[in-house]
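Report on the following structure.
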Amino acid sequence: MTEVTKNDFTEEGKIVRKIRSFVRREGRLTKGQEGAIQECWPSMGIDFVEQMLDWNEVFGNNNPVVLEIGFGMGASLVEMAKNAPEKNFLGIEVHRPGVGACLAAAKEAGVTNLRVMCHDAVEVFESMIPDSSVNTLQLFFPDPWHKARHHKRRIVKAEFAEMIRPKLIQGGIFHMATDWENYSEHMIEVMNAAPGYENIATDGDFIPRPDERPLTKFEARGHRLGHGVWDIKFRRNA
């Protein structure tokens with residue numbers, strides 16, 4: 001399992017600092033997480049390289065691809081993969097404890113249609129995801145960066161929408177979910193302004209939680225406390 005950081009440079013050779021949507025908090029791996037990475041990475045892990053993936057080589061078939069950015073500890077992603085063996089799933093997460101937990105859960109569940117990466121998703125999209133190859137892109141509960149001065153760090157912005165669109169198939173879905181109402185409004189504003197997308201909600205707003213997105217313990221607790229969760233789906237139409 002390798003980690004590569006790719007930098008851009010000015011004409012003078014100075015490094016251009018990128019604004020990232022995440023803060024890397026390594027945390028300490030449990031023995032179980034570390035063991036899962038050592039055991040499962042050769043078969044389920046994908047190292048970052050500057051070369052486009054061949055999904056047939058990765059999964060051994062041409063089933064539809066579902067890609068999730070920031071899967072946390074991976075419980076929901078593993079459940080989705082287990083419930084949809086006719087699809088292929090790729091999860092991208094920057095925090096190694098989450099990657100280890102996901103691999104451990106995948107092994108226990110016996111899923112074979114899941115692969116994971118531990119790298120910055122933007123760089124993965126730029127260097128490894130082929131155009132018109134992703135059926136569904138999932139972004140569930142990204143960091144809301146709720147302070148106004150930090151909004152520039154939000155992953156959902158015009159540049160991101162433009163970057164991911166060619167990676168989706170025609171008719172492909174970008175599915176977002178957040179428990180911050182302000183961020184949900186921001187998501188819709190950004191995506192409505194982005195060319196080549198349409199909101200699939202009949203009222204042009206939000207959709208009920210789809211059955212395919214598992215209800216997390218965190219989300220269930222939020223419901224009990226009266227907290228809202230907003231699901232948004234945009235379709236590539238150009």
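Cβ atoms are placed via backbone N, Cα and C, with glycine included.
Annotation comment: Swiss-Prot describes GLU68, GLU93, ASP120, ASP143 as S-adenosyl-L-methionine binding site. Remark: GLU93 (S-adenosyl-L-methionine binding site) has GLY70, PHE71, GLY72, GLY74, VAL99, CYS102, VAL116, MET117, CYS118 as non-local neighbours, by Cβ distance under 8 Å and separation of at least 6 in sequence.
Residues annotated as active site in Swiss-Prot, with similarity to another entry given as evidence: ASP143. The 10 Å shell around the Cβ of ASP143 (S-adenosyl-L-methionine binding site) contains 16 further Cβ atoms across the protein chains shown.
If you look up Swiss-Prot, you'll see LYS147, ASP179, THR216, LYS217, PHE218, GLU219 marked as substrate binding site, on the strength of sequence analysis. For ASP179 (substrate binding site), the number of other Cβ atoms no farther than 10 Å from its own Cβ, over all displayed protein chains, is 17.
Nearest in space to PHE218 (substrate binding site), taking C-alpha to C-alpha distance over the binding-site residues GLU68, ASP120, ASP143, is ASP143. The Cβ of ASP120 (S-adenosyl-L-methionine binding site) has 22 neighbouring Cβ atoms from other residues within 10 Å, across all protein chains displayed.
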